[in-house]
Amino acid sequence: MLWAVVAAAIVFVLPALRVPEGGQIGFPVRGYGVLLVLGIVSAVGMAAYRGQRMGLNPEVIYSLAMVMIVCGVVGARAFFVFQYWDNFYVPGNWQATLGNMAKVTEGGIVVYGSLIGGAIGFGVFCYRKHLPPLALADLIAPSMMIGMFFGRIGCFMNGCCYGGLCTLPIAVAFPQGNAQQFTPPYIRHLENGAFYGVLFAQDEEGQVRVANVLPDSEASKSGEVEIGDTVLSVNGHPLHGETESGQTIKPMDELAKIILRSWQPIDGPPGTISLELADKGLVTLHVPALPKTSLPVHPTQLYSSLNALILCLLVIAYYPFRKADGEVIAITLGLYSITRFLLEVIRTDEFAIGGTGLTISQNVSVIVFLMSVALLVYARTRKEPLAWPRAAA
């Protein structure tokens, strides 16, 4: 009966929905959401199949999946919102803020957040159902990775979790999108100066300096902008001091706002920035039209997807050789934390926090790795028999 209702809704209800978006009217089917659902279905199906071979009722896996999905999505979204709070908060309007936080299908979840949320739900479920947590965690470890395999492809479809500039043949240039929702890499290149051919960084003294001049760009062709130049102002707006309201200017945040505004006819002709460089004076750069795509970047989403698939196959192969419950999940999390730490090196959608020089995900990776090592040692020293057969799954 349920499937009949779902089928009827797909056939009769969805085609009738008329949602205006990006100059078109219809029902938007988002690649990110589709891949996320595919990842969940694949993960649950794999866990149910493996559990049944162990003599575990598939209904247990389905019930566990519901708990972990809800807790995982909440945790993943909460982690992302915490990490990018300024992108969601609308001053004086909590309704709009909560609305921004609820747009999960448009992207914006963090794997580590889902692991934390899912782990909490998993622990509560095992406690209430009197299930062996370490054995069950070993069983579902490959499912976590196959879910991530599809989920990261969804990230690629959405454009989030992208990498830094890349000149290799595997580089990907993301499309512009539409004015209501540019793709994330495109927005980054709009506001960080990449389309003008110049990238900036703040030094230890708080000065904004030219960090890189991209080849064959407007900045490079001018011959006046060099790496190490100190930027005093952009389009007449100083990068230091206080705002009219008395707030201290945050140089890099102010720079991003000015560059983003430069694409509109506010401070001058659109696509124009005038850099006041120390010892050089004004240097004006002009891009005649908005680029159709972002600059080529590393497709780190696909790197992550391939990494998850390899880890999935690896832990499936190791499962029959485990010597203690908890080994497989410890190895899975340990290897994932290492690869995630390394992938963060070429991702540019996150910034270092807390003076560590590491992104929030790299900091969490270190913690997860240490916890996985501790879990592996604990599993090997507890000297208890396996809860389920060694090779059935």
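The backbone N, Cα and C atoms fix where each Cβ goes, and this holds for glycine too.
TrEMBL tags one of the stretches 2-21, 302-321 as transmembrane segment, and that stretch is 302-321.
Looking at which of 61-85, 109-127, 328-346 has the most CB pairs under 8 Å to the transmembrane segment (358-379), the answer is the stretch 328-346. Here the transmembrane segment (328-346) has Cβ contacts under 8 Å with residues 111-112, 115, 134, 137-138, 141-142, 144-145, 163-164, 298, 300, 303-304, 307-308, 311, 314-315, 318-319, 322, 358-359, 361-362, 365-366, 368-369, 371-373, 375-376, 379 of the same chain, all six or more residues outside its ends. Counting residues 6+ beyond its ends, the transmembrane segment (109-127) has Cβ neighbours under 8 Å at 63-64, 67-68, 70-80, 83, 133, 136-137, 144, 148, 151, 333, 340, 361, 364-365, 368 in the same chain.
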